[in-house]
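Enquirer: Okay, handing you the structure first.
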C-alpha cells in the first residue's frame, strides 16, 4: 500500500447520515455497517424511501495493518428487518479499508455511496447512502472539512469514474509445482509399509479471496505438482474499490486446512487507466509464493508467513495463473444476474512440464505460453562473514543459498594465489575447460563448507575467510521472462538517478522505455524549465509523485524467477537469513538492464526469521556478509566473474604485486544526539562500538547523557582488505557503528545502529582538499524500524604502502585524556565564542521521585561542557516560579549552526544532607530557533523612535567628499533607509486614497441596490416582504451558524496549532524520566513526561553591537529578554465556554453515550452531571463556566467529557488539556478574542472589560511605539502607519462619535505594525480533539469551545454571554387535503370488472411516523378523482438556525429518559388504495422539504412529474417564510423498470402557524369542530353497495348498460310476441278451416 501504516490499534468511525432514492415501495429501511465479521445497525425508519439517520458507529481493531487494510467495509440497506425476520436486502456498497486510509486525511466526508443489488446485476442503482468514513490510527488527526463542503459527490476515490459497471473477474488456476511436504515422513513410511504406496504428502487446493468473497478450486489428492485447470469467477463492480486479490494454496486436511503459501495480486499493477489503457490482465504467468521453511514440522512457528503476514523466509511453491476482466452488458438477456462465485473447468494450456526428459547429452526445450524455458546459472562467493552473533555458539557455521526449489548440499572454494591464471581457477572450480562445453559432469553446489568462527570481541564472531573464499553455484530452469525484469531494473535506475540528481538525466534514460515512461520524461523536462523560486515546493511535490509512480511501475507483478535466499546454518539448524530479489542480481549485456547488485560485492545483513526478527531480539545483527552474486543464462556464464575484485578474475600473465591491500581506518567519533533513553533515569551511559571488516573498537563511556560528545579518534591499524585498490577506493566496505548503554550490572544494552562508508585515500593520492580532511556528517541511528538518534562522525580509509608516511594526526595539544586521541584539528569544527542567555520562568506538574514529592527543585543548563544553574525554588507548592529570571553563560560552539551540540536541561531536587535527585531531563537538539539576529534597520522600519533627523540633502552633500570603500557601504545603507521611509509615506497616502474611493463606491453601490429593490417590488406590485432579520431574533448562535455574515473565526483545530503553541517568547520543555518505550511495545513518550520547564533561550555571538545595549530603557539584568512581564503569582478569572462535542466515542452498549462536561483547574472542579444529554454522540452543551485561578499554581485546564451511567461509576469518554499560562502571557493576546465589530449592546456586545482604544494604547506603550494618534476623517496613525475606519457607533439612545472602531481596525491589522506586530487572536471557537489516557494517540471525539481570561486586578468583565442551546420554537402545520386527481386505478369492480380505486391519503412529518394521519376513504373512484376536504394537524418543535425539527422520545420501553433527535423538516404525503380483506395497496408518495419545495401548480393539468424530477431547476419556496401555500403536487412511485412514474396528483393547502397563533385560532382534525371543513361533494358511486344496494344497482347496471337493457327488453317482447303467435296460430288455423 502506498502509505505508511500506523502501529497499534486502529479505529474506524462511520457516520450514516441519510439515504435517498431507495428502490421499493413504502419501505422501513435499516442500514447495516459491516467491517470484516463485525456488524452494527442503525435504527429502523418507517414508511420512507429517504430515511434520515445521522447515526455514528465506531469499530476498534488490534490487527496488523496489512490485515486491516484488506478488510472489506460493507454498507447494506435492509427493508423491514426486525427481531423475527432478517428483512430483504435492497442494495450494498463495499470497499476495502486500505482505500479509505489512502484518501486525503484518511477519510471520505459527506459522500454518497451508490447501492447495487448483488443478486440482480441488471437492476442498476438501488439508491444512495450519505456517509462519513474515517480510519484513525495512533497519532492521526482527522480534520473535519469546512462546513461549506459540496455535498453532491459520490463516495469514490479520485480517478474512479462516477458510472461504475458490473464486470466478471476470471482467475484461472492451471497448475502448481515445487510444493513442500505437508506431512511427517513417519506417516508416509507407515503408509508405505502397510499399503505399499508411496504418495506425495500434500493435498492441495487453491483459494482466492476478493472483495469479501471467496472461491475454491477442487482438491488434488497427494500431489506435489497438482494440475487443476479451473477458473474462479467473481462478479463485482468495475473499477473495484478493493485493491488486492489474495491467492492462496492450501493443504486440505480432515482436521484443519493449512496455508502452504499466499500471493497478493495488486489490481493497479496489472491494469492501466490511461488513454491507451487496459483492464486488469495478467498471465498466464507463474507466481512465486514464499513463507516458512520447507521442512515440515508439526508446530510451525512461522505459519503466519504462509498466510501472507510478514516477509517469507523461504520459497514454498509456484503457481501458474492468469487474471482477466470482462465488462458485462447488463442489458443483455442471456446474462446471469447473480454475483455468486462460480468455479468452472477451463482447457489446459500448452505448458511444458518442469520434469522434462533429460538425457546425458540432450535436454528437450520448447516454447510455451509462459515463455521459453532456459537454464539459469547462479554464482555466489562469500568474501567476508563478520559480526556473527556470539549467542549462536562456537559450533561450525556454513551458509546455504537457494533459488526456488533448487539447492543441493556440498561446497567449493575459489583459491586466491599470487600467480594464478584463469584456467587454473576454473579447473579447481568446476572441472570445466574449453573442450568440455556440454558441462555434463557439472554438479550444483549451494552451500559453503562448515567453518569454526573466530572471536572478534565480546559480542561478535567472524569466519576466517582470508585467502580462500567459499563459492556456490546452482543451475536452475525457469521460463525466460528476463525482459520484464530488465524493464523493472531500468525504471529502478531512473528512480535512483531522480533521487540523486535531476529530471534531465532521467530523460536520457527514459528514451529506452515505452509510452508511459516517455511521457514522464517529457514532463520531467517541462518541470525543470518551470522551476522558479516560488514554485520549488510544488515542483518538488510533482517530482516526488514521479518517483512514486516510477517505483510503482518498477514493481513487476509477473516475474518467473524466484528470489534468492541466503541462510546461515549451525548444527543443522537454520539461524538467520537474507532475501535477495532475483532482479537485483540478474545479468544483462546492456548495463542499464543489469540488476543493481549483479556482479558487485555487496554487504548483506542476515536477520532472524518471522516473529523472532521483531522486537529487541531482531535488533541484533546475526551476521554481516560481503557477498558477490551473479545470476544469468548458463550460456552467458563466461561473464560471471567479471565483477569480482581484480585478484579473483582472469589474469593470464603473472601478476606483480600483492592483492592483499593494507589500510589504516580512522573513525572520527565526534558526538551523538537525541539518543534513546535506556536507563530508568531517562538518560543513558552511551558508548559506540565501530566494526570494520574483522576489527572492532569502542569509544569511552560518557555517563548520564543522551547527547554524548566523545570527541574521539579511533585508529584501526593493519586492516587487510582483498581486492584491487581502485575498486576499494570507489566502493569500500561498510562500517557498522553500534551505540550501547553501559550498565553497571549485566550486559551493555543496545541503543541503535548506523552504517557509513569511509572516504578512501590511496597511497599515491595527495592528502588535501577537496576530499581530505573529511567533513563531519550526520548519520541516522536506527533501533529496529524506529529512529534512535543521530551520530556526528567522519571516516577515512588510508592505504598503507611500504614506508610511505600516513598523514599526521593533528590533535589539540592541551589534551589531558591520556591514551584517548581527540578528533584532529582539520576535522573538528571551527569554534566561536557564544553567549547563551537563559530565561528561567518556572517548573510545572513535577511528579514524585522515589515516592517523595519534589519540594526544592533547581534547573541545570549545560551545553558543550559549560552551563548555568537556576535559582533554587524554595517551596515548589507555594510558588513554582524562579526568583531570578535571566542568567547567562559563555561557551565555544561550532560556527556551522548544523554542528551545534544539543543543550541539556536537567531538573534536580535538592534534598536534605546535600543530596541531589534527578527529577527529569530534556535535550534541546536544535538551538537554531533560539539564535538571536540583530534587527536590520533597513527592514520593517526598525526602531522608528530613535530615527536620525538628517535629510536626503545631507546625504548627497557627503557624496562630494573623498570616500573609502567602507564609507560607500555605510552611505548606501543610509540612502536605502531614506528611500524606504519616503516609500512608506507614499504608501500611506495611496492607502488613504484607495480607502476613500472604496468607501465612496461602496456607499453608491448600496444606494443603487436599494433603488433596484424598490423598483422590482413596484414592478411586480407585490407587498414588500420584511427580509431583514429582526435584530432581537439574533443571538450568539446566529454568529456561530454564520446566518448573517462571518463575524467569528471557527477553527477546526486547537488554537495552539494555529499560533505555534503560544511559544512566541515563553517555551515549554517536557521533562522526561524513565526508559523510553519502543514502538513494538506501544509505549508512548507521554508516559515518561514527569513535568515541564517553562523558559527560553537566547544565543548570540560575542561581542554584541553596542546599539542594542544603548537602546532606551535597556535593562542589563534582563539581557535580550527586555519588556517581558514579571512572573509573580497573579489572580485570574477564567471563563470556559463549551459549545458542543462531535463524534464522541460510544460508551454504552447501545452504541450511544450520555455525555456531560467536567472542568478542572488546579484543585477546583465544576461538574455538570445533572445536565447530561441522553443518548447523544453529538451533544450541544452551550454552557459557560466561571472559575478563579492563581497563575502559576493553577494553570493547566482540563476539559473532560464523561458518560453518565445509572448504575456504577461514570466513564471518561475523552479529555483535552489547555495550558492557560502560555496563552495568558502570549503576545497574540489570547486572553479574550478581538471581536469583528464594536457594539455596546445586543448579541454582538463587546466582551472585553478593556475597550479597543485602551487595548491599543496599552500595546503601543508596551512596544514603545509612537501613537495612537487619532486624526480627523476617521484616521488613526500608529508607528507611521495610517489606518481608516468608521467613527460613529449606535447606542440605545442613538448615534455617538467614538474612536473605538478606529482602534479596532488597527488591532485587526496589528501584524502589519513593524517590529512588535503579530496577529491578535480574533473572537473564535476552537475545536479540540479528545483523548483517553488508556487509548493514547487515538481521537475519541472533538469538542468545540473557547476560553476567556481576565486579570482580577482589572475592572470586572460583564456577565458571560449566553450560549445556551437554542430552544426549539413550537409550530403547528395544518395541511388540508382538498382533492386528488389522476390516481392510478388498482382494483376491479366486484360485479362489472371495471378499474377503480378506494382512495385515501396518509400524511406525517418525518421522524413522527407514530403521528400518522389518514383521510377518510373515497370509495369507488373510477377516474382517479378523490374529494376529501380533510385537515391534518401536525404540531412540532423547530430550530430555525439549524433548519431541523427536534423530537424527544424514549427509544424503547426500557429507556430511562428521552432521547433528542434533530431531523430535517420534511412532510410526507402518500396515496393508498383501501382493501377490505388484504393489506392496503401503496400507490404513490411525495416528500416536501418544508424549507425548499417547489411551488404547487395552479391546476391539476399543470401538475406534472417534472415537479419532482427537475426540483433543483424549479423556483422553490419555504413554508417558514411563505406561511401559507396552496396548489397541486404530483404523487410518484417506481415501476418494474425502476423508473419514476406519475401515480396521482393531490391538491393540498399548507398553513404554518406558531403555537401562540394556533392557540388563538384552533381548528379540528379531519372535518371536526372548531372551524370545520364542509363535506366533500362526492358522486353517488362512492357509496357502499351493501349500504344502499338499490342505488348501487341502479348506478352500476342502469347507468352503464341502459341501452343494452332497452335493446334486450325490446328483443324479449318481440320473442314473447313470436312465441304467443306460434302458440296460438294452430288453434286459430283449425278454427278457420273448420269454420268453428
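In case you wondered, yes, glycine gets a Cβ from its N, Cα and C as well.
Note: TrEMBL annotation is automatic and uncurated.
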Enquirer: From the ranges 1557-1576, 1577-1596, 1597-1616, pick the one that TrEMBL records as region 'Disordered'.
Expert: 1557-1576
Enquirer: Looking only at the domain 'C2' (645-772), how are its residues distributed among DSSP helix, strand and coil?
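Expert: Helix, strand, coil within the domain 'C2' (645-772): 9 helix, 57 strand, 62 coil.
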Enquirer: Counting by DSSP, what is the helix, strand and coil composition of the domain 'C2' (150-281)?
Expert: 15 helix, 56 strand, 61 coil
Enquirer: Tell me if the domain 'C2' (150-281) touches the domain 'C2' (645-772). I count contact as 3 or more CB pairs below 8 A, with pairs 6 or more residues apart.
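Expert: Checked: the domain 'C2' (645-772) vs the domain 'C2' (150-281), no contact.
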Enquirer: Give me the stretch from 1-113, 150-281, 817-943 with the greatest number of Cβ pairs under 8 Å to the domain 'C2' (1353-1504).
Expert: 1-113
Enquirer: Could you give me the DSSP helix, strand and coil counts for the domain 'C2' (1-113)?
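Expert: Once the DSSP states are binned, the domain 'C2' (1-113) shows 14 helix, 56 strand, 43 coil.
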Enquirer: Within the domain 'C2' (817-943), what mean pLDDT does the predicted structure show?
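Expert: Here the mean pLDDT over the domain 'C2' (817-943) amounts to 86.
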Enquirer: How many helix, strand and coil residues does the region 'Disordered' (1557-1576) contain under DSSP?
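Expert: Counting residues by DSSP class gives 4 helix, 1 strand, 15 coil.
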